[in-house]
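Read through the structure below, which is laid out as structure tokens, and then see the notes.
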Amino acid sequence: MPTLDDILEHVGEFDRFQKQTFFVLCLLSASFTPVYVGVVFFGFTPEHRCSSPGVAELGQRCGWSLEQQLNLTVPEWDGHGGSFSSRCRRYEVDWNATGISCSDPLGSLGGSGSAVPLGPCRDGWVYDSPGSSLVTEFDLVCEDSWKLDLFQSAVNAGFFIGSINIGYIADRFGRKFCLLTTIAANIVCGILLVFVPTYLWIVIIRFLQGLVSKGGWTAGYILVTEVVGPQYRRTVGILYQAAFSVGLLAFDAIAYAIPHWRWLQLTVTLPTCFLLLYYWCLPESPRWLISQGKNDKAMKIVSDIAKKNQKKMPSHFKDIKFEEEDCGKQNPSLMDLFRTPQIRKNTLILMYNWFTSSVLYQGLIMHMGMAAENMYLDFLYSALVEFPAAFIIIVTIDRVGRRYPWALSNLVAGAACLATALIPEDLHWLKLITACIGRMGITMAFEMVCFVNTELYPTYIRNLGVMVCSSLCDIGGVIVPFIVYRLVEIWHDLPLIVFTVLGVIAGALVLLLPETKGRVLPETVDDVENFHRQSAPKANKIYLQVQGSEVARG
């Protein structure tokens with residue numbers, strides 16, 4: 001009995017129909033960018049200082065320049081601020097008092113800078129920024145700076161919970177239904193974020209947005225890889241993730257043009273309304289239809305594929321089935337991921353690598369946004385390196401293998417983070433180059449863990465293995481804002497030292513995994529346990545099965 005892959009060989013594995021589907025779904029991948037890394041621009045923290053009543057009037061009366069005013073009235077101001085006292089404390093004096101000297105205002109008030117008591121910013125802050133962000137609107141600085149961490153952690157918590165639930169919806173009701181409902185929900189959440197007036201509601205809606213957005217991105221990944229032939233699935237999956245990188249460039253340009261976070265949120269949300277046109281221009285996954293016993297509908301879509309590709313489907317192809325239909329009778333359990341030695345080792349190493357990839361990828365984006373001399377240019381440079389990362393993966397994985405490029409990418413990311421931390425601040429261009437190298441390395445590692453995960457589990461627990469391991473990605477996303485934004489208060493480059501340790505350990509652990517290049521997917525537990533004893537069969541072709549819970553970047 002022929003399979004769907006057999007039929008696709010005749011009607012086109014990646015022809016006009018699949019290319020059109022791939023293109024429109026890449027728009028979905030690109031639109032996921034503001035949700036995943038939006039905190040860089042939505043939560044930008046400009047240089048700031050306490051608002052002190054009377055200072056502006058005194059400065060005007062004395063004819064001070066802005067720099068003179070800051071030096072004379074802001075604690076520990078050394079020309080650019082940057083210390084806790086200059087940002088979060090003010091002199092406890094009455095700047096409206098009479099008789100204040102213009103040359104030595106603190107001295108005329110009865111003390112020197114070190115003797116005058118300091119107090120909190122009771123009258124808010126002054127921000128050196130022409131635009132607005134969550135930070136400037138809700139004063140998420142100093143004692144309340146942790147609230148920005150919570151804003152980003154909320155969306156990652158939504159990713160964690162939503163991926164499981166949305167994955168169930170995609171498997172139960174279909175990929176197309178899942179796509180349309182998550183897109184609609186994401187649009188509603190995105191528009192609500194523009195208008196809600198309080199920080200608490202913003203965090204709640206941000207969580208709800210995470211609940212649906214990553215699941216929708218994943219459903220698009222599943223669909224685009226299920227309508228192409230086996231030899232194109234891995235390449236299409238990598239390029240679908242590369243579309244996310246295109247979204248980074250577009251988001252950077254829009255953020256540069258619109259420096260006000262609510263208008264920026266509205267601008268990146270409204271175009272996604274056009275994605276609802278997927279109802280008319282996207283097919284349901286024929287593989288999902290087959291799994292639900294809806295062969296007639298699946299054959300109708302296959303006929304449409306043949307017509308669009310200007311191919312003729314052979315008349316003897318009457319029935320189609322899944323290649324692994326008989327293997328699904330086993331009931332997987334969580335303990336199966338830890339029961340045998342090799343699978344247990346694979347599971348623990350993969351969980352750690354999903355966690356590390358998320359922490360380093362998101363962490364580097366956040367840290368570069370904080371350290372940037374020009375936030376928009378640095379974001380652009382770091383996004384551009386994701387394209388050679390995708391190219392290197394496509395070129396090397398079937399020539400060199402998976403294990404060594406994967407391990408090397410983690411080690412390069414870790415080493416680059418260490419180099420960035422040790423380079424002096426006045427060599428910003430060199431710090432930027434090494435940070436971009438680290439970004440390229442972790443991008444490669446992130447994309448590789450996505451498909452290698454599927455190659456290390458037997459058929460009946462493959463979905464479960466990817467779902468459980470990739471959940472550590474979202475846990476890493478919940479933790480990383482606190483790693484970045486809290487540790488920089490101790491030492492600006494301390495998060496990079498943490499990233500170095502995580503990356504080097506991840507690279508070393510990858511070397512303990514078996515090489516999967518040139519091997520067929522394991523069918524049984526024994527296949528996995530005997531992986532290291534097998535020689536790779538050169539004549540066999542890998543058929544990478546698309547997994548419902550396979551997730552990238554989040």
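Each residue, glycine too, has its Cβ placed from N, Cα and C.
No curator has checked TrEMBL annotations; they are predicted automatically.
Going by TrEMBL, these are the annotated features:
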- 21-44: transmembrane segment (TRANSMEM)
- 100-518: domain 'Major facilitator superfamily (MFS) profile' (DOMAIN)
- 150-170: transmembrane segment (TRANSMEM)
- 177-195: transmembrane segment (TRANSMEM)
- 201-224: transmembrane segment (TRANSMEM)
- 236-257: transmembrane segment (TRANSMEM)
- 263-282: transmembrane segment (TRANSMEM)
- 348-367: transmembrane segment (TRANSMEM)
- 379-397: transmembrane segment (TRANSMEM)
- 404-423: transmembrane segment (TRANSMEM)
- 429-452: transmembrane segment (TRANSMEM)
- 464-488: transmembrane segment (TRANSMEM)
- 494-513: transmembrane segment (TRANSMEM)
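Scored by C-beta pairs under 8 angstroms, the transmembrane segment (404-423) has its highest count with 429-452, from the stretches 21-44, 177-195, 201-224, 379-397, 429-452. Taken together, the residues in the domain 'Major facilitator superfamily (MFS) profile' (100-518) have a mean pLDDT of 86 on the 0 to 100 scale. Put simply, of 150-170, 177-195, 201-224, 236-257, the stretch with the most CB pairs closer than 8 A to the transmembrane segment (21-44) is 236-257. Away from its own ends, the transmembrane segment (236-257) comes close to residues 14, 22, 25-27, 29-34, 36-38, 41, 220-221, 224-225, 228, 264, 267-268, 376, 379-380, 383-384, 386-387, 390, 393-394, 443, 447, 450-451, 552-553 of its chain (Cβ-Cβ under 8 Å, at least six residues beyond either end).
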